[in-house]
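Undergrad: So Swiss-Prot lists these for the protein:
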- 7, 8, 9, 10, 11, 12, 13, 14, 15, 16, 17, 18, 19: FAD binding site (BINDING)
């Protein structure tokens, strides 16, 4: 008899797992509380402006292409992606700008401010991150390893310690090899992919730089939601039954097994396996009602990553100095991280990510206008949440900073504005305290690991998404779905012997 898989949540991790399970011959039902598939890969359109509500950067497209190849299909027949050789532009408070290109040589050619020594150091750092990326790919990505003990067993103690560089934090690894203060800050902010601090995260996450340099940075034509639409189409073609607007209220358990889910309609649906794309702690807390003692232990070890104050602005002018992807850096990177991740306050001088897809895709804003998305990282929801007044003051601080750093009269030109706070993120995606990136990567707290993909309490419950390994970011959550499918397939094959 064909076994039934229930997937809770239609984010990229959930839809990826559903596709692989269906490709492997299982009966798969996916339940998504929202009316779209993709989770945080969401879309907002108004007054002629189009915005990616969630992630705006696509990296490692081969992870997505594999899903189509398993079905003997080509991703290019479903969605169009475009490589961006000019990866992003960094603005600094003193007026310095640095353009990051795909390739160290190209970066040197486009930045007269960078010396020969700067480029040599950048190449040396790339070589260092390549070594980490290669060893990470072998075990962490290809085999879905989940813990430090699994890493050590797979690679050997000395090999793991040296090549994963567990001795240093990410920022220590950068500062050891890079002397240019602008490059130090720019490279440190690659940690944005996982919503953490480069001063706390382990050096293994330096591999994010090599990953982007080697695999490229891509734009999904028309908006990144088209990638989610492509995966939804593939899932339906493979026989996945997708229910949108369908909320799972709880997971039924018996001893150490999960038996099915209860929907908000009252209907009970049985399952042989459950894969939750809802974050781990909210799953245990709200769907299973795990006891307080065990929940508290998990919350101490796996603290939420950062959230964000997200502004979608329709602007009645153009700023020629902007690239597609832009970063407006803080005067004091350490203080910014300290305020967000330790003091848990809205930062005085935030680093701001600004994406302007209209620079590449002119369909995203009316002629002569621009669609600007602004994202500074801020703390997840605290026991005493920020107030409406706090957010209003922070909004002014953001606009003041952007105007001071070159976006002249930005306030005057805003003709459309939509804002998401951590509370909106929590409400729409049931994320843990409004975190965007799942679990924080912290060398001391969790050695940079997120939750394992297999439940430690229920033998047929699995997790995918940003709160589990291999981590946040759209390629990683998609890979987590494929890794969970591999684990279930291996388990079933073993049971049949």
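Our numbering is plain: 1 for the first residue shown, then up by one each step along the chain.
Even glycines carry a Cβ here, placed using N, Cα and C.
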Undergrad: Count the Cβ atoms, other than its own, that fall within 10 Å of the Cβ of residue 15 (FAD binding site), considering every protein chain shown.
TA: 30
Undergrad: How many other Cβ atoms are found within 10 Å of the Cβ atom of residue 13 (FAD binding site), counting all protein chains shown?
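TA: Residue 13 (FAD binding site): 32 neighbouring Cβ atoms within 10 Å.
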Undergrad: Pick the one among the binding-site residues 7, 19 whose Cβ has the fewest other Cβ atoms within 10 Å in this structure.
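TA: Checked 7, 19; of these binding-site residues, fewest Cβ neighbours within 10 Å: 19.
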Undergrad: Starting from the Cβ centroid of 7, 8, 9, 10, 11, 12, 13, 14, 15, 16, 17, 18, 19, the recorded FAD site, name every other residue in that chain with its Cβ within 8 Å, sequence order please.
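TA: Surrounding the site, in chain order, are 30, 39, 275, 277, 464, 465, 481.
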Undergrad: How far apart, in Å, are the two Cα atoms that lie farthest from each other among 7, 8, 9, 10, 11, 12, 13, 14, 15, 16, 17, 18, 19, the residues recorded as binding FAD?
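TA: Largest Cα to Cα distance for the FAD-binding set is 13 Å.
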Undergrad: Among all the protein chains here, how many other CB atoms are within 10 A of the CB of residue 9 (FAD binding site)?
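TA: If we count other Cβ atoms within 10 Å of residue 9 (FAD binding site), we arrive at 28.
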Undergrad: Under DSSP, is residue 11 (FAD binding site) helix, strand or coil?
TA: strand
Undergrad: What number of additional C-beta atoms lies within 10 angstroms of the C-beta atom of residue 11 (FAD binding site)?
TA: 31
Undergrad: Around residue 17 (FAD binding site), which residues of its chain at least 6 apart sit with Cβ under 8 Å of its Cβ?
TA: 7, 275, 277, 462, 464, 480, 481, 482, 484, 485
